[in-house]
Amino acid sequence: MLKKTPETVSDSDDAEERGSERRHRIHPLTIIRRIFGNAVFSSLTRRILFFNVAATVVLVGGILYLNQFREGLIDARVESLLTQGEIIAGAVSASASVDTNSITINPEKLLELQAGQSITPAPNDEDLSFPINPERVAPVLRRLISPTRTRARLFDADANLLLDSRHLYSRGQVLRFDLPPVTPETQTWGDWFTSMFNRMLQPSSLPQYKEAPGGDGSIYPEVMNALTGVRGAVVRVTEKGELIVSVAVPVQRFRAVLGVLLLSTQAGDIDKIVHAERLAIMRVFGIATLVNIVLSLLLSSTIATPLRRLSAAAIRVRRGARTREEIPDFSARQDEIGNLSIALREMTTALYDRIDAIESFAADVSHELKNPLTSLRSAVETLPRAKTEESKQRLTEIIFHDVRRLDRLISDISDASRLDAELARADASPLDLDVLMKGLVDISRQISTKKKSVAIDYVADRKAGAKTSFVVNGHDLRIGQIVTNLIENARSFVSEESGRITVRLSRHKDRCIVQVEDNGPGIQAEDIDRIFERFYTDRPASEGFGQNSGLGLSISRQIAEAHGGSLRAENVVDKYGVISGARFTLSLPAAETHER
């Protein structure tokens, strides 16, 4: 059994802490995926639908949660009940019967009252007594309350219940009472959902409504305030969550409070109106969601479908190794998908071109390597049958020559094969061609003392009075390789006695031009384009066979094109139309487009 040492325990604790830290750094999108499942996010169409519908749900939820319709409706109902209560209280006060034999009115006390002060008698003050006669008030209260669904209760000066509109019946009225169910009511899922929905949208805590036991109105704060002459309103909620709005209005006669009129809405009246308003919002939400889904599907068809076609085409390109697969063309869209389509088409074309180039290069390499190998094989097979020392010496020289030729070919092929990768990895930097050309010409002049001695001139064409910039972005070694190849190529074709090579640097708009011109025999018209082909050689008779691989000009053009430039060849013709030499022109994009 493996026992944990303190070191292993501490290491495991550190690992657990690091794992805990990684768990705490979970991306929010990962959390959403865990909640809703990966299926929601497995397709761009489903993502568009999910986020668009989610945005609509959040919007409607915010509207329902922050909607002020309910509060406005409650305020309007309070004002309506207060106005209605003032009218009913005035009618009740006018209908109250006063027994003048048992009332003593002190005029001086009336004159001592201030504005707004009530003459409600104190418990030990029996100077003023205005009793309300329920029998005379009941018909008036019933007629005023009947057109509305408002409940009215009348309390006397001691907050005792005198009348309740629930128990006021007119003559001939048929009474109907709902009996309680035989079995207790069970809450359905619909009722539970509605209750939870209302609780979420009505988070404010309201006092619970209770019936006054024994008609004692003192449990209602608004009734007690009304006994002091101040009207008030209170909003309560029943056990079922239904709203009840109550207002208390003092019943006054001769500025004396005779009692209190308490008006209350029926439980659920306001909730029904709010529910209807929310139902209308939900209908609009349903229509908006349906429209959102349709628009999301249309949006998905314009985004996901083209992307799906591009993806399928890319897979066909990967699998179709022998045939050229066509990438769908969405360039007419003129948007990001159109740009992606153009990029994929160009990338695919470049890929196929590269495949063709590799196949062609492999075929050329195979062909070029077979020639020296065939010669080498023949020499090796013939060497044992050679009878004279002279024949053996000549065959040995052929073998050495073919080996050197193979070595040169393999080196040039290796250089050409890794050229693209090297240019892709290396970072281009600003390079002054004027400085580079001067250095290359100086080196070539020094080489002339060891090889064929020819005159090499360098000319930088600048505008009068201006300092022309010859700066380009590139790789100095590779651009130097182009110019060196052109100079050495020209050296091989000019005569040693009168040979001359001119390197000229100039600027044309946003291009830097390097020209290498010689006074040799020129180029055959049919060979001007072929000289840039791989392994093509057309060397002067003075050079031995196999001294050149034929890759120099091909590599030079490849380097120029990798820098966004070009390399071309032409003949120099004098005024008589006679070819007087060859000219190679290297064009590179300038790093700056202005002159300073």
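Using N, Cα and C of the backbone, Cβ positions are placed for all residues, glycine too.
What Swiss-Prot records for 301-356 is domain 'HAMP'.
The feature domain 'Histidine kinase' is assigned by Swiss-Prot to 364-592. Per-residue pLDDT, averaged across the domain 'Histidine kinase' (364-592), gives 82.
In the structure as shown, the Cβ atom of HIS367 (phosphohistidine) sits within 10 Å of 11 other Cβ atoms. Taken from Swiss-Prot, the feature phosphohistidine covers HIS367, and the record attributes it to similarity to another entry.
As annotated by Swiss-Prot, region 'Disordered' applies to 1-22.
As annotated by Swiss-Prot, topological domain 'Cytoplasmic' applies to 1-47 (among others).
Taken from Swiss-Prot, the feature topological domain 'Periplasmic' applies to 69-283.
If you look up Swiss-Prot, you'll see 305-596 (among others) marked as topological domain 'Cytoplasmic'.
Taken from Swiss-Prot, the feature transmembrane segment covers 48-68 (among others), and the record attributes it to sequence analysis.
Beyond the ends of the transmembrane segment (284-304), by six or more residues, the same chain brings 43-45, 48-49, 52-53, 56-57, 60, 337 to within a C-beta distance below 8 angstroms of the stretch. Annotated transmembrane segment per Swiss-Prot: 284-304 (among others), in sequence order.
Mapped onto three states, the DSSP output places HIS367 (phosphohistidine) in helix. Residue counts for the domain 'HAMP' (301-356) under DSSP, split into helix (H, G, I), strand (E, B) and coil, are 43 helix, 0 strand, 13 coil.
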